[in-house]
Amino acid sequence: MKIAVLPGDGIGPEVVREALRVLDALNLPGLVLFEGDVGAIAYQRHGHPLPQETLDMARAADAVLFGAVGDPSCDNLERHLRPEQAILGLRAELGLFANLRPATTFTGLEHMSGLRPEIAREIDLLIVRELNGDVYFGDKGIRTRDDGEREGWDMMCYSESEVRRIAHVAFRAARKRGGRLTSVDKANVLETSQVWRDTVIEVGKEYPDVALEHMYVDNAAMQLVKSPGQFDTVVTGNLFGDILSDQASMCVGSIGLLPSASLGERQTEYGAFGLYEPIHGSAPDIAGQGKANPMATILSLAMLLRHSMGREEDAVRVERAVAECLADGVRGGDLGGRATSREIGDSVVSKLLTLS
Ligand SMILES: NC(=O)C1=CN([C@@H]2O[C@H](COP(=O)(O)OP(=O)(O)OC[C@H]3O[C@@H](n4cnc5c(N)ncnc54)[C@H](O)[C@@H]3O)[C@@H](O)[C@H]2O)C=CC1
Ligand SMILES: CC(C)CC(=O)C(=O)O
Ligand SMILES: [Mg+2]
């Protein structure tokens, strides 16, 4: 089983390091790890944020563990050379169209939520975000109008087939969870969303056991803080899913807690090929200070164990280790505590070794 490890920039290497220590503690047979450059560090070393050899390494692997990319020093580069293009490029090139972002309140963290504890306690939802389309991947540009004013434009687009395949993933996920699916769009204004909604309704006919509802994204953002317990599985496009998942993270307590799995259609001999990363970015404001919470990346590793390695028991062990550390009061700065990334990693590893 080959895992490509792409730590990236900022806190990426700091959180991936701790996840790798957890993987090491599991002592799994037959694992081979390869490490590659991605993001700003790759641009500095190779002149491109996603060098061909990194892409080849990811393609040759059975799974990818990814940290984060982005560095303020690159914010004025031509767009195709910016670090963020590396993760967009990996998602596109590897056909990873389904991004699973679970958000659940951990016992003991109810008071860290931006919401009242009795509201936060109810959160157990899964955002299924489409990852290969939408305004992130449409044509874009900056043009100068006749009056001399600059104008930026980005094309938002979804085809029926793109919506159909993510809808199937979401309905199947909802079926395994609470049997309820909320499709989030902006069909009252956007034609892209009209095609999205029509197609989700069509696919829904194949899942009569799943209760489907539709919600406009502005209302969804409001409902997520008003009564997040109403959501079971949420399916939405690339842009809305990006925003709502950061919002969901603070309903749970910290962006340093939310993992993700990005999956496509490729199967390996071990399970689904996938890329696993925390939902947060490279956090330049805290990089290099040992302040990053590595739990989101450790929980992403658990998703890797589940989806790409077929090791459900190990995945559950890692998730339990994180949950029990939090219940014991292990807290980084993001949760009002003082534990460093390393100390959080130590705690999770120690806890893991006590769990059978
Ligand atoms: N998948 C990726 O690689 C992503 C990359 N980015 C990039 O990351 C850079 C920074 O973006 P921001 O908008 O600041 O978002 P961010 O997610 O990196 O940080 C937002 C805030 O959350 C905090 N934070 C994030 N992760 C944390 C963790 N594990 N522990 C404790 N605190 C944490 C940061 O300190 C910051 O205050 C940009 O270049 C952006 O483009 C942003 C999101 C995703
Ligand atoms: C950095 C972007 C390309 C995407 C993003 O913010 C995300 O996937 O969460
Ligand atoms: Mg994001």
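Just so it is clear, glycine is given a Cβ too, placed from its N, Cα and C backbone atoms.
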Matching residue for the substrate site, where TrEMBL names Arg91, Arg101, Asp218 - out of Arg116, Arg121, Arg129, Arg197: Arg129
Pairwise CA distance, Tyr136 (site 'Important for catalysis') versus Asp242 (Mg(2+) binding site), rounded so that it is a whole Å: 11
Same chain, 6+ residues apart, C-beta under 8 Å of the C-beta of Asp242 (Mg(2+) binding site), given in sequence order: Arg129
Assigned conformation of Asp246 (Mg(2+) binding site) - DSSP reduced to three states: helix
Separation of alpha carbons, Arg101 (substrate binding site) and Ala287 (NAD(+) binding site) (Å): 24
